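Engineer: Have a look at this one.
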Amino acid sequence: MTDKKYIIALDQGTTSSRAVLLDHNANVVEIAQREFTQIYPRAGWVEHNPMEIWATQSSTLNEVVAKAGITSDEIAAIGITNQRETTIVWEKSTGTPVYNAIVWQCRRTADITDKLKADGHEEYIRNTTGLVVDPYFSGTKVKWILDNVEGAREKAERGELLFGTVDTWLVWKLTQGRVHVTDYTNASRTMLFNIHTKQWDDKMLEILNIPRSMLPEVRNSSEIYGQTNIGGKGGVRIPVAGIAGDQQAALYGHLCVHAGQAKNTYGTGCFMLLHTGNKAITSKNGLLTTIACNAKGEPEYALEGSVFIAGASIQWLRDELKIVHDSFDSEYFAQKVTDSNGVYVVPAFTGLGAPYWDPYARGAIFGLSRGANRNHIVRATLESIAYQTRDVLEAMQSDSGERLQYLRVDGGATNNNFLMQFQADILDVNVERPVVKEVTALGAAYLAGLATGFWKDLDELRDKARVERTFSPDSDNEKRERRYKGWKKAVKRSLEWAKEDEE
């Protein structure tokens, strides 16, 4: 226990930087948020300005302290959570970035990943890093910068450049260039890290021609990395003490720290993580093997899967079909009918991800009869989010042999009670929605608070991780399996839809 009263979580996201101030009971006291510029130099390319990331993030830090009317000596520690994979390379001596940050969504390195596949590296990468070969991850982005920015490779080979994901950049800036670190969760997203030995992988560095001197030191997610001054020179020195990538921070914020515990974040898509304890499981279903935290913030493992289209399908009902005026209306229409009247919506607008991995699948509505109306289509669209979640969780359970204990949930769509109840019904497990919705920030705050003694241990936090509502499954097993079988049939018919057109 400490006389300090607050923890600050810096939540550096893809579209905005936020600072969240939490008290000793893990309540959100104040939030400051600033959006920053999305840069699209060409189709499929996405960049951020690293100096703007830092400017927005540091200003929210000062702003949240000012808004709450507190002094900086009341702050115990700062924790950081961040958009993962986004890649920054800067000069060691000046701290000046040599290029914009290349964002996780950016597809510019597709030709590099194609070559990795053609050269037969796919299996090695999967077995060593836990990842699939895709432009999403940091390694090929670093290579692109070294190959395409004038003078960058020569400087890197002389030891003059540093690489970091966004967490590393923020810690570097917060500590005035004294500390160059990352944590295990972020390192596991680079495609340069051996998740079994927990070391940077020499063979991957050789394949991508990246000098080892650029890489940060990898540390636990809960420890003191350095100090920062709030309010410039002569200000109070505050420990920077927790780091985790956004999805792993959310897993920790839900207190999912043991094998068999899982969370799903419902946003535009869904991000699911299932904790697998000290076992790194190689998926047979195209899921990622990634590093997550145990109770002490030390590295253990998780399986990660994502659904491409979740909340985006409700936006489609609103913006394209115009059958709901507002996303919130979807619950009202869905509950006007007792079932979907045999209608299934497969929202494969951009293909299907895990466990199907079919880029040629396309969206479809099946089972329409003359009696099908707006309510049935809205309901079937919401149901598709729950069905896709079951698809991924079944793949996770078959890979891991872990039986899901319960599902913790966060993200915008969790406010939809119909969807949460249907999710519980179709999974046959309890779905738990927390009181504090800022779960990602909570995870970073917990990691920082435990490192500095603000909280004693995770048991102290369990009382604070309050569940706002538990959705318990309907016990009708026959109905559950009949509905899911219908979904599988609908998916099967939407697969490879666009393929014939290209032949």
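Every residue, even glycine, has its Cβ placed from backbone N, Cα and C.
Reproduced below are the annotations present in Swiss-Prot:
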type	residues	note
BINDING	Thr14, Arg18, Thr268, Gly311, Gly412, Asn416	ADP binding site
BINDING	Thr14, Arg84, Glu85, Tyr136, Asp246	sn-glycerol 3-phosphate binding site
BINDING	Thr14, Thr15, Ser16, Thr268, Gly311, Gln315, Gly412	ATP binding site
BINDING	Arg84, Glu85, Tyr136, Asp246, Gln247	glycerol binding site
REGION	468-489	region 'Disordered'
COMPBIAS	468-481	compositional bias 'Basic and acidic residues'
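Provide an account of the burial state, proximal residues and distances for the features listed.
Structural biologist: Residue density at Thr268 (ADP binding site): 15 other Cβ atoms are found within 10 A of its Cβ, drawing on all protein chains shown. DSSP assigns Thr268 (ADP binding site) to coil in the three-state reduction, outside any helix or strand.
Sequence-distant contacts of Arg84 (sn-glycerol 3-phosphate binding site), defined as residues of its own chain at least six apart whose C-beta falls under 8 angstroms from its C-beta, comprise Trp104, Thr165, Thr185, Asn186, Arg189, Gly245, Asp246, Gln247.
Cβ neighbour count for Thr15 (ATP binding site) (all protein chains, 10 Å cutoff from its Cβ): 11.
Mapped onto three states, the DSSP output places Asp246 (sn-glycerol 3-phosphate binding site) in helix.
Sequence-distant contacts of the region 'Disordered' (468-489) (same chain, at least 6 residues past either end, Cβ-Cβ under 8 Å): 342, 344, 366-367, 383-384, 387, 390, 417, 420-421, 423-435.
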Engineer: Around the sn-glycerol 3-phosphate site recorded as Thr14, Arg84, Glu85, Tyr136, Asp246, what other same-chain residues have a C-beta within 8 angstroms of the site's C-beta center?
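Structural biologist: In sequence order, the nearby non-listed residues are Asn82, Gln83, Thr86, Val103, Trp104, Arg189, Gly245.
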Engineer: How many Å separate the Cα atoms of Gln315 (ATP binding site) and Thr268 (ADP binding site)?
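Structural biologist: For Gln315 (ATP binding site) versus Thr268 (ADP binding site), the Cα atoms are 9 Å apart.
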Engineer: Given Thr15 (ATP binding site) and Thr268 (ADP binding site), what distance in Å do their CA atoms have, once rounded to a whole number?
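Structural biologist: Cα-Cα, rounded: 13 Å.
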Engineer: I'd like the number of other C-beta atoms within 10 A of the C-beta of Gly311 (ADP binding site), please.
Structural biologist: 19
Engineer: Relative to the Cβ position of Glu85 (sn-glycerol 3-phosphate binding site), how many further Cβ atoms are located within 10 Å?
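Structural biologist: Within a 10 Å radius of the Cβ of Glu85 (sn-glycerol 3-phosphate binding site) lie 25 other Cβ atoms.
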Engineer: Given that the record lists Arg84, Glu85, Tyr136, Asp246, Gln247 as binding glycerol, what is the largest C-alpha to C-alpha distance among them, in Å?
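Structural biologist: So the binding residues stretch over 15 Å, Cα to Cα.
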